[in-house]
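Trainee: Residues or ranges marked as domain 'Helicase ATP-binding' in TrEMBL: A:274-440. TrEMBL lists A:CYS502, A:CYS505, A:CYS542, A:CYS545 with the feature Zn(2+) 1 binding site. Per TrEMBL, the feature Zn(2+) 2 binding site maps to A:CYS511, A:CYS514, A:CYS529, A:CYS532. Residues annotated as domain 'Helicase C-terminal' in TrEMBL: A:534-689.
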Amino acid sequence: MYAKVIVDVPTGGTDRPFDYYLPEALAENASKGMRVLVPFGQRKLTGFIVDIVSETKLEKVKSVSELLDLTPVLNNELLRLGEWLATETICFQITAFQSMIPAAMRAKAMKKLSLLSKREKLPMNVQALFGQADEVDWAQVPADARLLRDIRNEAEQGHLTMKYALKDQAKHRKVKAVVIQRYETPPATEKQKQALLFMAEQYGEGELVAIQILMKQAAISRSVVNTLIKNDYLQEKEIVIDRNPYTDAEEDGNEEKATLTSDQTDVLAKVKKNITQSQATPMLLHGVTGSGKTEIYLQAIDQLMEAGKEAIVLVPEISLTPQMVERFKKRFGANVAVLHSALSVGERFDEWKKIQEKRVQVAVGARSAVFAPFTNLGLIVIDEEHESSYKQEEYPRYHAREVALWRSRYHDCPVVLGSATPSMESYARAAKGVYELLSLPERVNQKPLPDIELVDMRLEMREGNRSVFSTSLLEKLRDRLKKGEQSVLFLNRRGFSTFVMCRNCGYVGMCPHCEISLTYHQRDGQLKCHYCGHEERLYERCPSCESAHIRYFGTGTQRVEEELQQLLPEARIIRMDNDTTRKKGAHERLLKNFGAGEADILLGTQMIAKGLDFPNITLAGILAADTLLHLPDFRAQERTFQLLTQVSGRAGRDEKAGEVVIQTYNPEHYAIQLAQSHDYLSFFKKELGQRKQAGYPPYYYLTLITFAHPNYATAMKAGEHAGRVLRSNLGEDAIVLGPTPSPIARIKDRYRCQCMVKYKDEPALTELLRELFTYFQKEIQQDQRFITIDRHPNMFM
DNA sequence: AGCACGCCGACT
DNA sequence: GTCGGCGTGCTC
């Protein structure tokens with residue numbers, strides 16, 4: 001038998017299966033979708049078996065060295081999905097496969113140089129390399145020509161050899177556990193007796209108990225256990241356990257179902273119908289904030305689980321706060337796997353294993369959870385479907401929504417796209433009848449949506465208020481403090497970060513390698529580039545005019561916190577941003593503290609915009625509503641509307657009515673006006689007109705091709721070539737723009753230019769893009785991609 | 001991606 | 001003459 005293997009070399013020349021002989025011993029256990037170790041040239045590489053065949057056209061083939069899995073990591077469905085993904089997103093097969101499995105399984109073969117004979121026989125320089133060790137990591141061997149030649153000589157004489165080991169990615173977590181060894185003679189002390197008795201009663205003979213757990217349950221200290229081990233009452237062993245990242249979540253799985261409103265009941269019935277009838281129908285669930293979308297997901301999943309089916313629930317990365325996860329854990333207990341980026345590599349592996357081994361029926365997670373290896377899917381939910389984090393911004397540049405739709409067709413199961421502010425694309429599809437439209441126009445608590453006040457910051461400024469806070473917002477914050485109610489303050493930092501400017505000549509600190517202003521980091525007094533990491537010290541005098549009037553601009557959360565604390569000295573403030581949530585678990589802890597009423601005001605960035613559900617919040621404030629509005633992005637209006645609506649939704653979710661203050665310099669802008677009146681439909685119609693006029697989605701599909709090169713002319717020339725090819729091969733309707741310099745015209749000393757394709761129906765485009773990709777792929781410069789193709793880009797940077 | 005092969009300039 | 005620079009092309 002022969003295995004067709006996709007090897008782990010992401011280049012154009014190797015983006016196809018290679019044939020390997022499967023020795024009988026391996027053939028028995030080998031199957032499609034397993035990872036293998038194969039010889040490739042002079043090296044050994046990992047790869048995926050994509051097929052097993054009985055013949056090969058090749059005269060001589062090498063043999064598969066090793067199987068790396070007992071069961072396939074990619075089943076037939078996922079193998080096919082991977083092929084589709086590579087085709088659609090114009091990436092290499094291996095890249096697609098790797099992105100579908102947890103990082104812990106992306107094993108790389110590691111080369112080690114190993115000693116075969118006495119070290120004294122080796123030349124001095126090679127001996128020095130080994131020191132006292134018998135093996136050295138090949139990556140540690142210096143690239144010294146002389147040394148490399150000597151090593152090769154020694155290898156030819158059989159004194160040295162190359163060994164290949166798989167890099168251990170800390171797959172399983174092991175903990176110390178104990179088992180009863182003897183019980184007859186009672187131990188010396190009372191504590192020990194207690195502990196042993198507890199072991200015997202709770203666990204009996206031969207059963208392993210993790211020491212941590214025993215200590216907690218029997219309320220004994222580690223030293224008692226140690227003594228028992230020392231005196232042979234207990235035997236110490238190691239067991240493999242799942243890491244449990246959500247130790248705080250109550251996992252009883254007994255939370256009561258909520259009573260549904262009649263709107264909810266209707267929607268649920270439609271979802272259930274599509275599940276039971278195995279209809280691959282996409283449904284768009286448009287429900288206002290607080291309308292109880294999650295409860296519908298929960299009840300629909302509850303039913304399909306009883307029928308033995310499985311469900312995937314996707315949530316945006318940043319909102320993957322415990323609140324959503326906790327609700328699933330509370331309802332379904334240990335039947336849920338959680339996959340997101342805040343977990344360690346090992347934790348993610350454990351959660352993935354639970355799915356693969358069919359120990360759970362529900363996966364809740366961010367974008368990549370859409371690849372959860374379920375085999376009997378009954379439903380895929382994408383919550384907050386408009387969120388941009390569902391699009392992956394590196395290869396493979398896929399959108400989780402499109403992958404979900406593919407899988408739904410494969411499994412004949414529905415997809416539910418939920419949002420209070422659906423994306424233009426999705427709502428347009430629903431309006432056309434491509435998606436089934438479901439709506440929840442009212443909040444479950446029957447309360448109206450909160451009142452929104454627009455504050456014109458230009459007037460504030462004219463009236464002499466130079467603070468970040470308007471008089472009205474400050475007034476309302478004081479009022480909440482007095483009443484003991486809570487407030488959230490939202491500050492959007494995007495496009496508004498702290499940069500340094502000279503007030504005398506207008507000089508702005510720029511990165512010398514990228515066409516972008518440097519960001520000021522107060523913590524270490526450094527100016528940093530967010531794209532290449534370049535750092536420099538904050539200058540005391542302007543490098544251009546030598547004036548001392550140089551200062552940083554922009555409003556960081558830290559500065560806002562300081563100002564707020566000065567204005568309201570008695571307020572207890574929790575700040576949530578990248579700085580304060582970097583540590584593992586910090587995000588959860590801060591939210592928990594806020595929920596427990598340990599603070600009056602929650603001040604934060606993007607991450608507090610959604611999913612936050614605390615009954616005592618009665619005021620939401622948006623400090624600068626228009627920072628998003630002026631980004632060079634055709635989705636700027638949509639993003640602004642979505643954000644304002646989401647943040648507004650945080651207030652008044654329970655009994656007490658909520659209030660919202662939006663501070664803006666453009667109070668007359670339609671995105672802000674319509675957010676104020678909670679009028680999604682009018683916004684959709686207005687924005688749709690704009691998109692039609694400008695030729696953007698949902699009227700046109702987009703594909704962005706970016707070229708990056710140290711030489712500006714080379715990048716432009718490539719762009720011109722691509723433009724010519726596209727123009728001459730695409731239909732009349734297609735519009736090819738560019739090449740033009742990218743919005744960020746230089747990153748890491750490489751000039752960037754782009755071509756944009758706008759099209760409606762171009763079946764040949766995918767193939768054409770692949771050809772361009774292959775053509776330009778050869779010209780890889782400095783380990784960096786020369787050409788980047790983004791189907792359906794989110795950003796044009 | 002590596003790694004070998006191969007074809008040219010500068011040196012023990 | 002040899003060593004070593006890096007352009008080119010292949011890896012089942």
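Backbone N, Cα and C atoms are what each Cβ position is placed from, and that goes for glycine too.
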Trainee: What residue among the binding-site residues A:CYS505, A:CYS514, A:CYS532, A:CYS545 has the most other CB atoms lying within 10 A of its CB?
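Mentor: Sorting the candidates by Cβ neighbours within 10 Å, the top entry is A:CYS514.
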Trainee: Excluding A:CYS511, A:CYS514, A:CYS529, A:CYS532 themselves, which residues in that chain have a Cβ inside 8 Å of the centre of the Cβ atoms defining the Zn(2+) 2 site?
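Mentor: Going along the sequence, the neighbours come out as A:PRO512, A:HIS513, A:ILE516, A:LEU518, A:HIS530, A:TYR531, A:GLY533, A:HIS534, A:ILE747, A:LYS748.
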Trainee: What whole-number Å value do you get for the CA-CA distance of A:CYS542 (Zn(2+) 1 binding site) and A:CYS511 (Zn(2+) 2 binding site)?
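Mentor: For A:CYS542 (Zn(2+) 1 binding site) versus A:CYS511 (Zn(2+) 2 binding site), the Cα atoms are 15 Å apart.
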Trainee: Whole-number Å distance between the CA of A:CYS511 (Zn(2+) 2 binding site) and the CA of A:CYS502 (Zn(2+) 1 binding site)?
Mentor: 16
Trainee: May I ask you to report the DSSP-based helix, strand or coil state of A:CYS545 (Zn(2+) 1 binding site)?
Mentor: coil
Trainee: In Å, rounded, how far does the Cα of A:CYS505 (Zn(2+) 1 binding site) sit from the Cα of A:CYS529 (Zn(2+) 2 binding site)?
Mentor: 22
Trainee: Please report the three-state DSSP label of A:CYS505 (Zn(2+) 1 binding site).
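Mentor: Coil, per DSSP.
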Trainee: Compute the C-alpha separation of A:CYS529 (Zn(2+) 2 binding site) from A:CYS502 (Zn(2+) 1 binding site), stating it in Å without decimals.
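Mentor: So the alpha carbons of A:CYS529 (Zn(2+) 2 binding site) and A:CYS502 (Zn(2+) 1 binding site) sit roughly 18 Å from each other.
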Trainee: Would you mind reading off the Cα separation of A:CYS545 (Zn(2+) 1 binding site) from A:CYS514 (Zn(2+) 2 binding site), to the nearest angstrom?
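Mentor: Given the Cα positions, A:CYS545 (Zn(2+) 1 binding site) is 22 Å from A:CYS514 (Zn(2+) 2 binding site).
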Trainee: Per DSSP, to which secondary structure element type does A:CYS511 (Zn(2+) 2 binding site) belong, with helix, strand and coil as the options?
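Mentor: In three-state terms, A:CYS511 (Zn(2+) 2 binding site) counts as coil.
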Trainee: State the count of C-beta atoms found within 10 angstroms of the C-beta of A:CYS511 (Zn(2+) 2 binding site), not counting that atom itself.
Mentor: 24
Trainee: Beyond A:CYS502, A:CYS505, A:CYS542, A:CYS545, what residues of that chain have CB atoms within 8 A of the centre of the Zn(2+) 1 site's CB atoms?
Mentor: A:ARG503, A:ASN504, A:GLY506, A:TYR507, A:PRO543, A:SER544, A:GLU546, A:SER547, A:HIS549, A:ILE550
